[in-house]
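Working notes, structure below.
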Ligand SMILES: [K+]
Ligand SMILES: [K+]
């Protein structure tokens, strides 16, 4: 009887544990078989956790439960480092709600950086360019074997992220004290903005956002620097840490990303400044110097930061279109910035230049860009455009908002920018779920798609004869 | 004295003739050196001529001069077979004005077909696929040497075009007589609609457009057939004339174009029908059968025909977005349809499928599509998107129209479709010039760009080593 009882207990335990061990072996299987799928699962779990936390009464100022669509939207927006909001961060959420948001941003940002870096490493190893992608040979000295290499990469990514965010916090906190906040409040705001900036999240804990600080360089400059560094991506940061500013030693990825980033900042500043120069609803009545500061800030923030000094709904329609384009491009690969990424755009433009000059090879900085890379880049752009167009169509079916606002909000969600004409808050719950799905797809989709495509190169045993259809 | 006088007369004549002979040798030089540039010059001259004709008092109902921007816009719209209007074709233009418009459409359509066919021939010869592109070997039996080949091609193109337009006229005219029009009027309307349909121009000589005939299959079916045949393009029509419907004998270009055309008609019909099904401002209150007829008609016309049965401004916003996409794609290469063309879209999709399956080669129907073709296709899409986006930005700067209308009218102009929410007529003169430039660029630009790129293939003596940036 005792034995039977023991057996039945053990059987019971076994049965109870079955889902747990099944889950564990499922996760292990996924991890070894498909790192991209693991990334999706991990992000979904984190989002589910933060949705739960944000829905709890402790997270809201009123002490009531928050409805599911608002909690889920905010959790996705935080974990996908977007910054779109359906309720005011300062007014709806309690201190704990804001803590959960910044924690979600911190974990989400770190997750994106590590997953994207790992996938980049996997791609570069698979394609036989091991070590070249990341800091050229800086990795191989610290690592022997796969696990060591991965571990060392993760350690560098996590350490560097935290150090940069701590530095931003140490710069911002004293400024908030000078501006009259108590030490705990200033520390909290400094921490919140540091996390929000480096992770390109664009959440603000103040009800007026950054408008009170629109002329304060001690706030604006750290935010711009934090957003810009965060938007470069780890493959670039590692190269910069290793080689500093000796351009000739950089790999092609770093050269394209750095030059592209600066070029886009300049183009965005000039474009935004000219388009808004006489708009009295935004910067039209400011002095020239202030206009230029606003233009630089807008240019840096548009590609993913998501902080704003002027009401986006009051910009000229043409500025909204230009903003759409900048948002869609986004920042560097394996960064906290979203969009199709700077290298994607650059590769496509280099291909068009090569085509216009009648050259077979796509070249950059004395290197040939492989043909396969061009096709991956094109696939990423088509995926992005398709996602945005589908979301626009769906949103226009369920709301009466105009196309310019719908397009703006959709691209902002896809590219995890967070700039808004407040459409997110006005949409019915179905619209919030659509935008949440778009943020998730834009954040995780392009990374995993690009790496999955790059990893999936098959050998072929025979080729068909060539035939050329007429184009154009 | 006499001799001196004769000499001076001869000198005078020589001097007077100098611009003429200079022009002639310039044209000859351009023709042999750059056929694409000749095409541009020829189109500009024809447009200038028709602008002049339409501006004359004889062309307007009131017998007054028509202002330059309206005359130019209408001339460009006719010669570029677009069908956008700034004044009512039936109400503003006299009989002679309407004759000039249909003549402009006829000449423009023929010009596009011949130039595009010649450029396609040049590309196929240059790239060593001579004969394969057009009717496989059907050309080589009728032609010996370049001039014979070109002459025979032109003869086939012109004869076939005229025969099809005559056939359409012979079908339409009796119907107009049955509907109560006098013989001359019916003949005139039959001719006008025949030219307008085959050339995908979309002009209507009736003030209510096609609305009075919206349930008349004897009008609608010939128009749909005419527009569909015109949108296939000559490289396809030649293959069909030679091989009939034996699919396996067709070249890849024909297979892609025919399958793509039918697929887009089906997708367009289902999409348009579903999106508008319950829209009481358009087809919402009709019987199911009538709704389906409207959907089929809209689907066929959207890709370039430009005839419409329902007011485009009363469609749902989501239908306008879907229409934008169909218009942007357009019809077959070297056809009277505009847009980026079906093969361009197909090649890009095949490339993405290949990428998703991890295959190096882009394949279609047992043939490999050369890598260079993919890059030409991508360049055409980027050119198109850039033109449309630039025009939208400019139009939004000078008018207060909403983005959905501006985008709709811009894509309609770029893809020479002619569907309209009446924005063209509302714009200030500067806006009309922008749209006219867009029609011209969309009509001539993509053809000449694609052929110029395809012809401009250089050999290279050395290659750089490969290096792969991170994408996405
Ligand atoms: K953001
Ligand atoms: K048309």
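Glycine is no exception: its Cβ is also placed from the backbone N, Cα and C atoms.
What TrEMBL records for B:38-59, B:71-90, B:96-123, B:153-177, B:219-244, B:256-275, B:325-353, B:374-398, B:433-455 is transmembrane segment.
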Below 8 angstroms Cβ to Cβ, which residues of this chain, lying six or more residues outside the transmembrane segment (B:374-398), approach it?
328, 339-341, 343-344, 347-348, 351, 362, 406-407, 409-411, 413-414, 427-428, 430-431, 434-435, 438, 441-442, 445-446, 449-450, 453-454
The transmembrane segment (B:38-59) in contact with the transmembrane segment (B:96-123), cutoff 8 A, at least 3 CB pairs, sep 6+:
yes
Are there residues at least 6 beyond the ends of the transmembrane segment (B:96-123) whose Cβ is under 8 Å from a Cβ of it, and what are they?
35-36, 39, 42-43, 46, 50, 53-54, 58-61, 74-75, 78-81, 89, 133-134, 149-150, 153-154, 157-158, 161, 165, 191-192, 195-196, 198-201, 203, 205, 230, 233-235, 333-336, 443, 447-448, 451, 454-455
Mind pulling out the one from B:153-177, B:256-275, B:325-353 with the most Cβ pairs under 8 angstroms to the transmembrane segment (B:219-244)?
B:325-353
Take the transmembrane segment (B:256-275) and find every residue of the same chain, 6 or more past its ends, with a Cβ under 8 Å from one of its Cβ atoms.
228, 231-233, 235-236, 250, 291-292, 294-296, 298-300, 302-303, 316, 318-319, 322-323, 326, 329, 331-333, 342-343, 345-347, 364-365
